[in-house]
Structures are given as structure tokens and as C-alpha cells.
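*Asks:* Here it is, the structure, as C-alpha cells.
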């Protein structure tokens, strides 16, 4: 029976085309998305956010994938070409990059539904029975095959993945739905200020994860109807879902119930949530297991030397405690505690780095103390700098301090030039 079930799901995934919406600005991340789209943002020591929905597709058996790009997409496209360009079309697999090309109108993508509509011919050429539309800006582990199976078994025309979240978290941030006892959706609001609570829990609501399954022809028809509606905002949550739930079978797919202990989803749309999700990775056994060989997270693998820790004097020791340190890093006579260092980070002597997310190609000079910080790519932290200990002083220096006291530092804030950095400087480990 298990073999039959696996074969059944594999047939469904082969008949599916996945479209990942990766054009979001991520404006709540402020300066972290000044030069990059949110899906291109770094996460977990070596990955980009876009790697997670792409890896979910591959691990679920979906190998026909389109990635819709728009906002500041250069670094995202470069990453996709370098890390995801190995698929072979002749074997029925591909990752296609779909920037706004204005083939159907003079406008850029005007909303999530319009982004799909403007690529309808590309989808049609693939002849899929089902189309999955996926969010490209969340960190999550999800077996799409199970969602496809539930979609087919329920007789749905559309299925929306959902999860229970606190009301205050959903307000103004997520689409919120109500369902009957069979999880058929009978109400939907996009980012309401006052979400409808669950009947059995007045403190929580059922929020959309932004992942959808459609029967292909039904999707095409709804996109055509929406394109002719001059009052539409061209958005699935604002327009299409509310317009179809009364007359068509649209079902919710409860993410937590199907994922079991392996279910993991994080919205990293703010500085605080981005920092918190990265900090989860330094736990001894994090909920998102990046070391699970049965569900690997794929990414571009830059060729780098191993991480190195040097000096063991009484007043300086290169060490990392409860931390993640990536290739190309040198921790020279400083202590790294409960932190993540992405590739090519150099930390010089006599420093203390705690609860920090250090993005690639950063250099931290001698005698620095950093705590609860995010250091953006390419920053050079001057000798003797202290950040995260006096938040008012940090604000006065031009750093961004989040609601929960996380300090974001970028090259612009340090008065350092932006652009032209392709690799970390060649720094002597004796410093």
C-alpha cells in the first residue's frame, strides 16, 4: 500500500507545474532589502530564502518550476543561474526565470494573479494537470505531494495551504479564512485589521500561507475573468479567492496536521523575525533540521576553504560556542557565541560576538563587542566598535534598532562604499 501511495503521489507531482512568486520587496526588512529582493536574502549560514521553496519542490518530486522575479532581481537571478541551472529540459525538468516581460500588457506585474496571468502561455506549453503557486519569501519545509493528494481527493478546484496563528500576528499581515467541518473555505479576507478567530480558540485564526494548488483549466478561466475586471487589484487573496469560494469547491489544507514533527514555517518579513529565525539554527537540535539527508536544502555551493579558528593565548582564543560558522571564515583570537557567520567572515582578535547574524564578506576588526546584531554583507566594523549594548547610542550613530532591540548595520550606515564587492579581502590570520 505504501508503494501504491508513493506511486500515486509521484504521478501527481509529475503532472504539476510549480510557479514560485519571488518578486516581493520585503519592505518591512528595511535596509536588508535595499539592494536585493526578499527571496534573495541570506538565511541559515549558507542559503538564500528562495532555496527553501525550490528544495521543497525537488524533494516533493516537482521538477518543472518557474520563478517569477521583478523587484531588484539581479542577485536573485544570479543565484538561480549559479545554483539551480543544472536541470535538464530533455529529462522533463527545468527551473525557468520569469521576469516581467510586458508581453501581454505595458505594465509590470501588478499583483500575484497578474504575475501568473502574464505567464499563462508558458504554463500552458508545459501541459500540466495542476499548477502550484508558491510563496518565494518564507522559510518552510513542506511536502507538496501530500497537498496535491488532498487536493485531488477532495474534488477541489483550488486548495489553499493554511496554519493557525495568533490574531495579533495575522492582523494586517496574512489572508484569513473560515472553513466548515470538511475544511471547505466559506469566508476569506486578505490582511484584515480584525481577523476572524477560530471557533474553538478565540485567540487564533486560520491564516493563508500563500501556497495554492489549482486545476489548470480552472486557474486559466479565473485569471481570464479577473483580467477583464477593471476593478480588480489582480491579487489572489484580494480578488480571486473571495470571488470563487461561494460557487466553486475551494478547500483549506492544514499545514500542521500533515507535517507532524517535521512541519516548519517562518515568516521572516521583519528584522526581528529574520533575526529570531536565524537564531533558532544555533540550537543543539533546531526544529528546522538542515542536516536531514532525506530532505536536503539545495543551494549554490561556492568553492571555499574550511572555517578556521586560531590563537589559544591566555588573553585571546579563537573559538565558537553554540554557533554556525560557514566556509571561508577565520575566527582569529575572538569568541563567537550563539551566532551565525555566513561565508568569508573575518573576526580579528580580542573580540566578543554574541547573538549575531553576520552576513557574507564581513570583516570585524580587533577589540569589537557585538550583541544582538545583524551585520549586512560586506561591512567592515572598525577597531574598538561596540554595538548592541547601548541602543540609544546605536540609534544616534545611524544604525537601525528594531522593536525588540536587534541592531541592523549596513555599509551605508558605516559610511562605506556599496557595490563592487565580489569576495572577502585577503586578510592575514595573524591579525
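Glycine is treated like the rest: Cβ placed from N, Cα and C.
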*Asks:* Of the candidates 92, 175, which does Swiss-Prot annotate as part of the alpha-D-glucose 1-phosphate site that also includes 109, 190, 191, 208?
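*Replies:* Candidate listed by Swiss-Prot for the same site: 175.
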*Asks:* Cβ distance under 8 Å to residue 190 (alpha-D-glucose 1-phosphate binding site), same chain, sequence separation 6 or more: which residues?
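*Replies:* Listed in sequence order, they are 175, 235, 237, 238, 241, 242.
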*Asks:* Specify the secondary structure state of residue 191 (alpha-D-glucose 1-phosphate binding site) as given by DSSP, simplified to three classes.
*Replies:* coil
*Asks:* What same-chain residues, at least 6 away in sequence, bring their CB to under 8 Å of the CB of residue 109 (alpha-D-glucose 1-phosphate binding site)?
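*Replies:* Those within reach of residue 109 (alpha-D-glucose 1-phosphate binding site), by Cβ under 8 Å and sequence separation of 6 or more, are 23, 68, 70, 100, 115, 118.
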*Asks:* Return the residues near residue 208 (alpha-D-glucose 1-phosphate binding site) by Cβ distance under 8 Å, restricted to its own chain and a separation of at least 6 in sequence.
*Replies:* 160, 161, 162, 174, 175, 176, 177, 188, 237
*Asks:* Taking 10 A as the limit, how many CB atoms besides its own sit near the CB of residue 191 (alpha-D-glucose 1-phosphate binding site)?
*Replies:* 16
